[in-house]
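The block underneath contains the structure these notes are about, expressed in structure tokens.
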Amino acid sequence: MSPSFKLQYHFILIFLMALRGENRYLELREAADHDPFLLFGASLKRELAGAPLYHRALRCLDMLSLPGQFTFTADRPQLHCAAFLIAEPEEFITIHYDLVSIDCQGGDFLKVFDGWILKGEKFPSSQDHPLPTTERYIDFCDGGLSRRSIRSSQNVAMIFFRVHEPGNGFTFTIKTDPNLFPCNVISQTPSGRFTLVVPHLRQNCSFSIIYPVAIKISDLTLGHLNGLQFKNPSAGCGGIGDFVELLGGPGLDPSKMMPLADLCYSFHGPAQMKIGCDNTVVRMVSSGKHINRVTFEYRQLEPYELENPSGNSIQEICLSSR
């Protein structure tokens, strides 16, 4: 991993950790000035009809995890800006342009990307997303406000923008909608529990955890006979059309990660594994013939676990690239 990629990638880690730390508290505290009920939880705010809309300024490099209205106003030429948007796993994100004042002819731009992208590494990967990469970019300068609202295909999206003239900028509103069958997810937290369900659909779905983690799979239903097969470098699930794989690597794109284990048959666990990679992915491949389901728990590895990688399935191949 190049130094520049690693630096930018760790910006995401810092932002995600901030969601649980001081910056997250400040954002909630600021929002609570408009809606004191928000301190009881972001989910409660979404359920309160008519609650005041949360407002704040958007930074050139930013992470947004709450619905609300955000305004960017350039105080100087801002040429390389991006906002990472992340919702709960079971939510879509809708971005609505309220006001845009940029100079497209002068080199400004404002683009939404359906997913996250960093140095060519995409989530979801091209293999897992329903749209080709070119259609995942929605450029304001191509269509103006003819497409005022844009909805993501998963719980993450990005906004790229460049504004040359001080005083120019834009305002947009973020809302979230329920996603009954979330397919591709980036976890907001380093620990949790999730059930990934693919109901008779031919698609690949990935759950990404941007931390070294211990994973425990408690239940897997694939429509096959019971069994569990761990992967070696040359083996896999063969001709089986429905399976779950564990992937690990230093980047964002699951298609560029190392395959660590294949789970080819239904079973009732637990099956456990520690993965010392910067990013860990649980990926389900479905043929569309079955209702496939996998339930798993995960937690961030402690520093002492990473310092002593022998045993307990911690992947030394990941640790060597850190």
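Cβ atoms here come from the backbone N, Cα and C positions, even for glycine.
Feature list (source: TrEMBL):
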type	residues	note
DISULFID	CYS60-CYS81	disulfide bond
DISULFID	CYS104-CYS141	disulfide bond
DISULFID	CYS183-CYS205	disulfide bond
DISULFID	CYS237-CYS264	disulfide bond
DISULFID	CYS277-CYS318	disulfide bond
DOMAIN	53-177	domain 'Corticotropin-releasing factor binding protein N-terminal'
DOMAIN	185-307	domain 'Corticotropin-releasing factor binding protein C-terminal'
SIGNAL	1-21	signal peptide
Revision key, fill the gap. Across all protein chains shown, the disulfide-bonded residues CYS81, CYS141, CYS237, CYS277, CYS318 give the max Cβ-within-10 Å count at CYS277
Revision key, fill the gap. Out of the disulfide-bonded residues CYS60, CYS104, CYS183, CYS205, CYS264, the residue with the smallest number of other Cβ atoms within 10 Å is CYS104
Practice item. Take the C-alpha atoms of CYS81 (disulfide bond) and CYS104 (disulfide bond) and report the distance between them in angstrom, rounded. Key: 15
Study note, to complete from the structure: The correct DSSP tally for the domain 'Corticotropin-releasing factor binding protein N-terminal' (53-177) reads 12 helix, 67 strand, 46 coil
Check your understanding: C-alpha of CYS277 (disulfide bond) to C-alpha of CYS183 (disulfide bond): distance in Å?
Key -> 22
Study note, to complete from the structure: CYS141 (disulfide bond) sits from CYS205 (disulfide bond) (Cα to Cα, rounded, in Å) at a distance of 32
Revision key, fill the gap. Whole-Å Cα distance, CYS237 (disulfide bond) to CYS60 (disulfide bond), is 45
Check your understanding: Relative to the Cα of CYS264 (disulfide bond), which of the disulfide-bonded residues CYS60, CYS104, CYS183 has the closest Cα?
Key -> CYS183
Review point. Just the number: how many Å between the Cα atoms of CYS104 (disulfide bond) and CYS60 (disulfide bond)?
Key: 18
